[in-house]
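Here's the structure, in structure tokens; my notes come after.
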Amino acid sequence: MSLLLDNLQYTIPTFLFLLTLLVFVHEMGHYLVGRWSGIRILAFSVGFGPELFGWTDRHGTRWKFCAVPLGGYVKFFGDEDAASTPDYRRLETIAPEERGRTFLGAKLWKRAATVAAGPIANFLLAIAIFAVLFSIYGRAVADPVVAFVAPDSAAEKAGVLPGDRLLSIDGKPIATFDDVRRYVSVRPELPITVRIEREGAAIDLPMVPQRTESVDPLGNKMEEGKIGIGTNQEAGNFRVETYGPLEAVGQGALQSWRIVTGTLDYLSNLFVGRMSADQVGGPIRIAQMSGQMAKLGIAEVLNFAAVLSVSIGLLNLMPVPVLDGGHLMFYAVEALRGRPVGPAAQDLAFRIGFAMVLMLTVFAAWNDINWLFG
């Protein structure tokens, strides 16, 4: 808790800036595609609850900032609420010539595009930020060549030796030493097969990463898998790779994809009990990390913003009603059936989805409190 309080002058402004930026970009994706699709937009809100300030534009859209800055929404004509729950009863009261401007009255592909645009905007923002960082600062890399093997580690037991070059893990190519850490960290106590190159010959070595608790440079505890190898300048050839604009965009997309796959790996292992759920954090932990990044500099803040943007985009694509992914799931069913899911079924699904999101929020908050006072 002292770490959070010590960084308070950095934490609050940085957290609010990041949250406002990411929410604004996400909702702007919905807004722009909705407008392009001819759907009337009633409100664009950053935050929930009572309005702090705002204005109404010439199209009749109310732009506002609200008291609780933990999200946002775009309210379309014909929506029942901020979650874009369809209001079928109200639709019947709208004049036929106006129904085409409601969200519910728009063509299926326009609704799907409008909903998908929010997460896509988050992914595009992340790619852009990573591209800028790679263009300016480059990317620190090291070859996947072993310099030392920890005693009694999974690697030592499997027969890994200094000088071995890692070629692949479970058939996935390894290009840098960081690729090893990224793949192994989310697979504690899960058997893997590491292919190494030794004196020109490829050798497959089965091993099981050990579950370890480590502390990152910022003081945050984390549980991860490790096989017990390291590298150094002589073996790994530490260097900074620089990229032109187009290469940087490609690297930005690749980095975003790595975050997506790493998150999905973590969630799948969490589901089967291989990873601890206490690493699921909420606003308090994000705020604390925001303050830590701010103390390190603008590059770290931007990198953190990109990571959060990918996470928000991915979270919203989860097939849970009330989230964007839940809406897209309904549209997929509608496309297959040739007609929408019935209002009663949708209403029940939205209630269940809301309960799931609420439980996740409470769980993350509980983890934050335990972390704060632990």
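Just so you know, glycine gets a Cβ as well, placed from its N, Cα and C.
Annotated features in Swiss-Prot:
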type	residues	note
BINDING	His26, His30	Zn(2+) binding site
ACT_SITE	Glu27	active site
TRANSMEM	36-55	transmembrane segment
TRANSMEM	112-134	transmembrane segment
DOMAIN	126-199	domain 'PDZ'
TRANSMEM	301-323	transmembrane segment
TRANSMEM	348-367	transmembrane segment
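Sequence features annotated in Swiss-Prot and their locations in the structure.
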{"residue": "His26", "record": "Zn(2+) binding site", "contacts (Cβ under 8 Å, 6+ apart)": "Gly72, Gly118, Pro119, Ala121, Asn122, Ile312, Gly313, Asn316"}
{"residue": "Glu27", "record": "active site", "contacts (Cβ under 8 Å, 6+ apart)": "Phe44, Ser45, Val46, Gly72, Tyr73, Val74, Gly118"}
{"residue": "His30", "record": "Zn(2+) binding site", "contacts (Cβ under 8 Å, 6+ apart)": "Val74, Thr114, Val115, Ala117, Gly118"}
> Looking only at residues six or more beyond either end of the transmembrane segment (301-323), which have a C-beta under 8 A from one in the stretch?
Replying inline: 14, 18, 21-22, 25-26, 83, 85, 118-123, 125-126, 129-130, 132-133, 255-256, 259-260, 263-264, 286, 289-290, 293-294, 329-330, 346, 349-350, 352-354, 356-357
> In the domain 'PDZ' (126-199), how many residues does DSSP assign to helix, to strand and to coil?
Replying inline: 26 helix, 20 strand, 28 coil
> On the 0 to 100 scale, where does the mean pLDDT of the domain 'PDZ' (126-199) fall?
Replying inline: 94
> Secondary structure at His26 (Zn(2+) binding site) (DSSP, helix/strand/coil)?
Replying inline: helix
